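Participant: This structure is in structure tokens; I'll ask about it shortly.
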């Protein structure tokens, strides 16, 4: 049975449909990613003045940081059409050809999870990006022939959470690579405050700070927490969300002051109580938690590592002193974390 979706998951959830109303519509409304915004603004303005298609753009970064939103803003700022799809959806070369041949001049085609394109589809994409041509094989066997189709000059905007899985030929064809970083608490406060205004609920500065601190540096999570806190405020007939309401709501949702949820705390406490703080292998943790290895490595661990609660060492996963302090546990006296993980690669 599939586990319930986590409140603090950066991945898109089915209940995130309300997230659309909170999204900024222009670069000037987009909070955070200052350098990325500044560069994009220049590139867009230059392309607009020349009347040319913007060079191909690649957004790289963890989920929930605004890659899709920025792609939509790019098309809106350019005043052109926007088509969106994702890597897994484009199963064969014909699917990609259908998308590309329907694009108008200077349109934006957005491909999310572009690292999941099949090699066969990538081969068709290369000449389309570079020469704005499609090279297709029509027919089979001796009757097969190559056909070239001219395309409108378009902008491909790709998004990926795993840049290392992109092939070099594909990566090199993006003239504008942009890396998105986690947001600061101050930036998330601005996002929460704007979101509250859009949703028509009052928000005090300390209420916005409380939500922002627990949003794990991710706007998608901040918006999700805001919508749930608004429910608590509405049920209490409160005209505004303050720190007390936000704290009560988020505590009821099991999101603690550091943004950790029940799964995070279970992971940390399992290592602390069952394995003396580690090191312990990821396969052992997968068995102990009844979770697949991929879920542990891609969903649970990144934020714990980012916050300094966990180390990946050659000998396994190791809790830091910070983790024991957060759990309210005493650190084992015979442990010396500073001597572990200084050399070698992460464990398999």
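Using N, Cα and C of the backbone, Cβ positions are placed for all residues, glycine too.
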Participant: Using only what Swiss-Prot says about ATP binding by 22, 23, 64, 67, 68, 69, 130, 131, 132, 173, 183, identify which of 214, 216, 220, 224 is listed for that site too.
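Facilitator: Looking through 214, 216, 220, 224, the residue Swiss-Prot assigns to the ATP site is 220.
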Participant: What does DSSP give as the helix, strand and coil breakdown of the region 'Head domain (RuvB-H)' (257-348)?
Facilitator: 45 helix, 9 strand, 38 coil
Participant: Could you give the Cα-Cα distance between residue 130 (ATP binding site) and residue 293 (DNA binding site), in whole Å?
Facilitator: 38
Participant: How big is the gap, in Å, between the Cα of residue 22 (ATP binding site) and that of residue 293 (DNA binding site), rounded to a whole number?
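Facilitator: Here the two Cα atoms lie 34 Å apart.
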Participant: For residue 130 (ATP binding site), list the number of other Cβ atoms lying within 10 Å of its Cβ atom.
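Facilitator: Looking across every protein chain shown, the total is 12.
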Participant: Please work out which residue of 68, 293 has the most C-beta neighbours within 10 angstroms of its C-beta, and give that one of the binding-site residues.
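Facilitator: Of 68, 293, the one with the most crowded Cβ is 68.
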Participant: Across the listed DNA-binding residues, 293, 312, 317, what is the farthest Cα to Cα distance, given in whole Å?
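Facilitator: Result: 14 Å between the two most distant Cα atoms.
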